[in-house]
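Heads up: the structure comes next, in structure tokens.
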Amino acid sequence: MASQGTKRSYEQMETGGERQDATEIRASVGRMIGGIGRFYIQMCTELKLSDYEGRLIQNSITIERMVLSAFDERRNKYLEEHPSVGKDPKKTGGPIYRRIDGKWMRELILYDKEEIRRVWRQANNGEDATAGLTHIMIWHSNLNDATYQRTRALVRTGMDPRMCSLMQGSTLPRRSGAAGAAVKGVGTMNMELIRMIKRGINDRNFWRGENGRRTRIAYERMCNILKGKFQTAAQKAMMDQVRESRNPGNAEIEDLIFLARSALILRGSVAHKSCLPACVYGLAVASGHDFEREGYSLVGIDPFKLLQNSQVFSLIRPNENPAHKSQLVWMACHSAAFEDLRVSGFIRGKKVIPRGKLSTRGVQIASNENVETMDSSTLELRSRYWAIRTRSGGNTNQQKASAGQISVQPTFSVQRNLPFERATVMAAFIGNNEGRTSDMRTEIIRMMESAKPEDLSFQGRGVFELSDEKATNPIVPSFDMNNEGSYFFGDNAEEYDN
């Protein structure tokens, strides 16, 4: 692990800032959050949304998607060059839900992208404020992570669907920058690389010419990002080997799949940030909260405090359970889709149940669903304790684990042993003799085999009372180690479809 001295903190990545001290970081993250809030308030005014409608998470998501679309330069350019029937490249929109005569109604709105860019810049002191856009992307990514399984995508790239704990950020757009790269899981980076190598195998010109040179630079950069997530020398050395390959092919794909499996036990470091829906920031700004003056951190108590007193609503389909919908959104808000359920449940102060047992579908409503039969209910997003978000995968040891997901990726810096069954993971290595046998592989397998069940595999700080803002009195929760900790265990969650 590179020493902290050479790494920019997340908040610096998030705000594109150079080295800053803690106060400056808190202020610049606060400025970013305040900008999102001001933008949201202005959009609600332009759309004439009532206070209640402005607190509806589905409306928040539509407004967020509109601003992301307005700033998606590559797509905008593509749309202008390839006009498709019935799609105006200069406009963006989506469903807005309004409460009319005691019923919810859907209204499809269309806006000039230019107009939305104007509102966004105005809310952000005239700047493009890309950090705020990335923040919104990460919130959408965290929501997808909590809602969908990526089984199909995993299988397509030759990985095991049980490796879903490595897939954080798999739906983040490419343009999400350093802050986006920080939150991507090992499996996500892996998959991007495998897709790239496969294209190279199928398309002779992929690595050639001027374009090929750019492709190569992107390939090496992605390799370096993935290498930076691994915590052991042998895993890093294997990544060097993949990066330096003259002509990446099947051997590299095998190495990458091997590394992804190894990450189930020798976990990578992946950042976690609490990114909340724009309407939450809007509510706070509207009530007079000055984020820039107060400062804000995505990895501390601030998001917990914000959620303690924000009332957000959601549309609920006739057979959905509002409490389950709340759990889904709570997990998304704290980037906790791959966290151990026992830890999440302790912090939330309510039992957190696996995805397969939730009676709820995604938050977004498809255009063919009938909204008039839907009710709205308050999302319960409060917590009993708070904990610092971690960027470390923790040191590892062995535990009984499930068929559905054979590892977790810790979100909260809380001490516990991590559930995984060594036999299950090691079985994934049997009979795979393709790729190169090398000292590195042997070394990695040796480390995995010697991972001990007794060790506390994740040394964290513990959780804190919400009154303990300075994190002075850690409470170390005790967990029933026989209980299952995986969210996607034995699951039938929907697949994510673009």
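Positions of Cβ are set from backbone N, Cα and C atoms, glycine also.
As annotated by Swiss-Prot, compositional bias 'Basic and acidic residues' applies to 8-22.
If you look up Swiss-Prot, you'll see 1-22 marked as region 'Disordered'.
According to Swiss-Prot, the motif 'Unconventional nuclear localization signal' annotation covers 1-18. Across the motif 'Unconventional nuclear localization signal' (1-18), the model assigns an average pLDDT of 49.
If you look up Swiss-Prot, you'll see 198-216 marked as motif 'Bipartite nuclear localization signal'. DSSP labels the residues of the motif 'Bipartite nuclear localization signal' (198-216) in these numbers: 13 helix, 0 strand, 6 coil.
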**OP:** Using a Cβ cut-off of under 8 Å, list the residues of the same chain at least 6 residues beyond the motif 'Bipartite nuclear localization signal' (198-216) that approach it.
**Re:** 157, 247-250, 253
